[in-house]
Amino acid sequence: MSPLLQTPEESTAPSRSGRKLARTTMGLERDKKRHGDVEDRRGDTLVDEIGIVTTAPAPNGVDLVQESVSLIEYVARLGDFRSTQRQECYSLVRRMKSLLPLFDEIRFLGSAIPPNGIASLSKLKKVFCLAKKLLKTCNEGSKIYLVRIHPSALESEAMMVKFHAVHEKLCQALDELPFDEIEVSVEVREQVELMVTQLRRGKRRKDTQDMELAVDLMAVSSKTDERNADIAIIERLAKKLDLNTVENLKKETIAISNVAKERGQTSECIEQIVEILNKFKQVFGIEVIDVFEDPVKPKLLLKPGSLVIPHEFLCPIMLEVMRDPVIIASGQTFERESIQKWFDSNHRTCPKTRERLGHLSLAPNHALKNLITQWRETNNYKSPNTEGLASPQGSSIKQEEISSLVEELSSCQLTVQRRAAKDIRMLSKENPESRILFAENGAIPALVQLLTYPDSKIQEHAVTALLNLSINDTNKKLIANEQAIPTIIDVLRNGRMESRENSAAALFSLSMLDENKVTIALSDGIPALVELLEQGTVRGKKDAVTALFNLCLNQANKARAIDAGIVPPLLLLLKDKKLNMVDEALSMFLLLVTHPQGRYEIGQLSFIGTLVDIIKKGTPKNKECAASVLLELSSNNSSHILAALQFGVYEHLVDISETGTNRAQRKARGLLQVMKTSDQLP
């Protein structure tokens, strides 16, 4: 059996939970032989690659314990996780491993587990399935893609909701365990109760967005920003995403290829992701090849300690090994049952390529079926049952539910409309499939109409639902086509604070498309965002400055932002350290000083003094960005460098040129060169 995952702080010696897992697993194997394999209604034994035996509709306690232990063992073998979610992933794995003593004691019960105990164990196993799915996403997905579809605040919120949902369901399942009836020891019970208490006491972590990551990603993705080929920015972004080694870049290439197969190679999002990947490869001296036609690309993604399943054997819808593969009009292959359900839900497009189909006929793929059959026999593989693997909000949303909710948006009763808008908001928050389905069923026009309602709750749910739907690139265009942007801006001006904050986030998401940057600006969105930057909560200020930054990647919008009065509130962000938004403000200033009007507005004596103070006392990132702003100002007006010298910047620039970050060193040396050229050196 593969050893459990250990973090760097853990000892290499077997842990107590590891020894208990070994005893539990060996004991369960003995019980399995005693009880025999569990079969489903068709008589097929279902055992997946991690050893989970899928039970009949009425499972017994032995099977549930074995399945739960196997799930814990599986997630413990996953290995490293995506850097931006690593802390949450390791924490979740540790909590699951801490429950091993509980299963150990249940295993050695002297009596049968009561029915309510079996029901609780079944619920607990389903939570473990949710956790497995979430952890696999953080382990296997393309790092660039995951950040690109959830930039900055959107990414943190979407991912944290998923972790929070698993935590809530874990607490509920453990609360319902009948400890007295299943004769669990006081020690184990106290350990479980302590974990539940800690989960409930701990507030959901509200990470401030990594503005540098968001800013760097925008710069590298932009076709107009002059910094899009800045080697220092590309290197820093690659390092933050753990894509600064040959091996990791090879894995990322495979992951992006898989994403492209699912979303289509012509997607604007995929094209941007491939461009970023190629920039990483060029910086690190790796040959740039066609991601989609690489002949040496590995056909399999190897995962240590688990069975390797060829990708072509998996149904693109269910992501399980196919039993009855069929070919549809687009030439793609799916499991017959899965694609038939897709067609039965009134879909006339290919789920993989999104192209409209000429007919709905299904042709058996005999060649692939024979290959799968041979592979199954060689590897003794049994398909796992996917029951219970829905996401916290339900990944397999029924077409009837989608249609019903969209219809209720047009109800004559405010309470019905309010509930429908809220449900769409929650379902679209973390479910990519639902975003597509809601759009296809006409939710976007109905939600746009609700933005004008005087009911503040309906307005809040509607604008947030549009924010969630806009994460999908196609939906960004659909929302703009429905003339939603002016109405969203109206909510930004006049709505309640939460509605205003989510309106700003929606504008940020929509502004990822260049044409929407222009539409937002022409609809007076920039003054409304500046107003939120002045008056909003900390979260509102962050949403506003992020949206403004993205909009100001358009040169004309820089002047609009300056005319709207963006400079004074940005200066306040620099001075109010409690807001912890110095990086965000400096990033915005760095963008504005590339515009002549921006240099005039910003280059006041007091501002130069503030920059020098940050260069003296700020964090490494603060110093880097402040030096960048000062260099841009001084390159166009030597009086600025003279003022900085009067404030005592020289010795600090010398220090940064030797000990700062790579980019800070370059900027400091640039400033020293400007001083030398203009004969301003002390």
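Cβ coordinates are placed from backbone N, Cα and C, and glycine is handled just like the others.
Feature list (source: TrEMBL):
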REGION    1-40  region 'Disordered'
COMPBIAS  1-15  compositional bias 'Polar residues'
COMPBIAS  28-40  compositional bias 'Basic and acidic residues'
DOMAIN    308-382  domain 'U-box'
REPEAT    442-484  repeat 'ARM'
REPEAT    524-566  repeat 'ARM'
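Within the chain, the repeat 'ARM' (442-484) has long-range Cβ neighbours (under 8 A, six or more residues past its boundaries) at 149-150, 154, 158, 267-269, 405-406, 409-410, 414, 417-418, 421-422, 424-425, 428-429, 432, 435-436, 490-491, 495-496, 498-499, 502-503, 505-506, 509-510, 512-513, 515-516, 519. Applying DSSP to the repeat 'ARM' (524-566) sorts its residues as follows: 34 helix, 0 strand, 9 coil. Sorting each residue of the domain 'U-box' (308-382) by its DSSP state yields 26 helix, 12 strand, 37 coil.
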